[in-house]
Amino acid sequence: MCAWPDWMPQFADTSLIKTDVCDVLMNGRGLIYIRNMTELMQRALYSLSQHVQTYLHEEHIITRPGASVGIWMSFLLPAAIILSTYSCHNVTELYKTAATLSLGLLGTSVVFVTKPCNCKMYEYVLTIPPVFTYMLLYFYNGIGVWFSIAGGFASYSCSEAVILLLDVTPKCLTYGEASVLTQSLILFLFTTAINLVNTLHTVPMQCVDTATVILQVGLFGVLLICAAAYMFPNFRKPMPFYALTLAMVFGFVVPFLHILLQASPVLWILQLLVANMPRIWLVIYWVVCSGLAVLAVNVQIQGQQQASTVIRKYFHILAVAVFIPGLIRECCFLYLASGVVLALITALELLRVIRMPPLGEVLQAGFTVYADEKDAGTLALTPIYLLAGCSLPLWLYPSICLEEIYAGQHLLPLMSGLLTVGIGDTAASVFGTWIGKTKWEGTKKTKEGTFASIICQMILILMLVYLGHMPCSGVVLIRSLFAVTVTSVLEAKTDQVDNLALPLVMYMLLLPFPRTI
């Protein structure tokens, strides 16, 4: 007999569930009904969180201190990909395949967080999402039996992979944050394998498709280096490490890309770089911004003072300054550059963790002065979160829709990361520190900071509308205000990494309706 989770009886004892909704609304008790339903959902979410927390404690998993498990974050990435598929018509077959796998990952997450305690049937229930995923991949997506089996296995192993990640990175992540990273890795590896096999038969012609192949092979090479350094201590020594790096770059990445693209990837990137003068000026502008970032880090290290929250937000402003021109004028180039920077930051973090000379100690000094309360573990994930927060909408949006960005109607969801992380989070922090007096219940965040966050984000949206980069529509402005308000309040209330959570939430809220495409 299965023992159901503690939160299940609460639904059975709730009379509001049995009440006719229309009758409630007609009798003027609609707000009371909504309030009670909200409280019911909060109690259920709290009970589920306690259930997962108990499981993690029993497994001796140490999550990030001062934060809840964040089970709601485990649903964000799969939901964002699935909604993107329905929001844009004519998405690529590869994206549809990613959406199918996302459905399996979502199902596995739901089964894991709601699993009954000491239930022998759980192992059988856990097989439902992967079997369903396999059937969809094979019969609907038609990707072949082996890839379908791999997709089903990836869905099945997702929860175990999350626990493994938490185990090897103590104090670095919450359950929700680990879920997002694990799901991202699974989706990346799965779509990379399929895309590279397809590229062997069909050479990509569009800019975004070629950039995707380059990024997939390059990032996969970086992951292999990280895995080798983790599994084999000998590769943490300078000579073996740099020999491995050179072999990976010139023995695998570059030759393999040459085979896939039937051209030199280095020459393709250089041609893209100097294709026109505006792009050259954009690169110079990015180099200047990068120099300012390095200068800021160096000044802080020389001063040997811990960076305040306001000082750390300086990098958020720089991110906005870097991303907006590229997003508006050079979307494909920005897409490629963001992936290259992700690989670079990952490589630098590896150098810091294993103290690899000559940069290891310098990077550690930078980490020491810029670390905050969320960097309690070994890994410095804040720079990766900042880049991912700004880039996630660009990485998630169906590539075939990128050509329509310049029409304006698709720019708004791609701005999700810049609005929430670059503008909203920065405004909330700065104004909350300067003039904040009224705190949200149970948090250190202030209502004045939240209000400033909403105002600043709407100002940027109105500026883009005024400059003609977005359509001047009442529906667009109302949806924008709603999305900005929801994410600003969420930023004030959540204890999860907002750079990771907020862009995904706003992205889903700002996706265009299917009928507008």
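For all residues, glycine too, the Cβ spot is worked out from N, Cα and C.
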Message: If I go by TrEMBL, the feature transmembrane segment sits on one of 10-30, 31-51, 94-114. Which?
response: 94-114
Message: Check the transmembrane segment (311-328) against the transmembrane segment (376-397) for contact, please; criterion is three or more CB pairs under 8 Å, pairs 6 or more apart in sequence.
response: yes
Top Cβ-contact partner of the transmembrane segment (334-355) among 69-88, 94-114, 178-201, 213-232, 239-260 (pairs under 8 Å): 213-232
- request: State the non-local partners of the transmembrane segment (94-114) in its own chain: residues 6+ outside its ends, Cβ under 8 Å from one of its Cβ atoms.
  value: 5, 48, 51-52, 71, 74-75, 77-79, 81-82, 84-85, 122, 125-126, 128-130, 132-133, 136-137, 140-141, 143, 151-152, 154-156, 158-159, 179, 183, 186-187, 190-191, 194-195, 198, 398-400
- request: Please indicate, using numbers and ranges, the residues of the same chain that are 6 or more beyond the transmembrane segment (69-88) and have a C-beta under 8 Å from a C-beta there.
  value: 45, 48-49, 52-53, 56, 63, 95-96, 98-99, 102-103, 105-106, 109-110, 112-113, 162, 174-177, 179-180, 183-184, 187, 396-398, 400-401, 494-496, 500-501, 504-505, 507-508, 511-514, 517
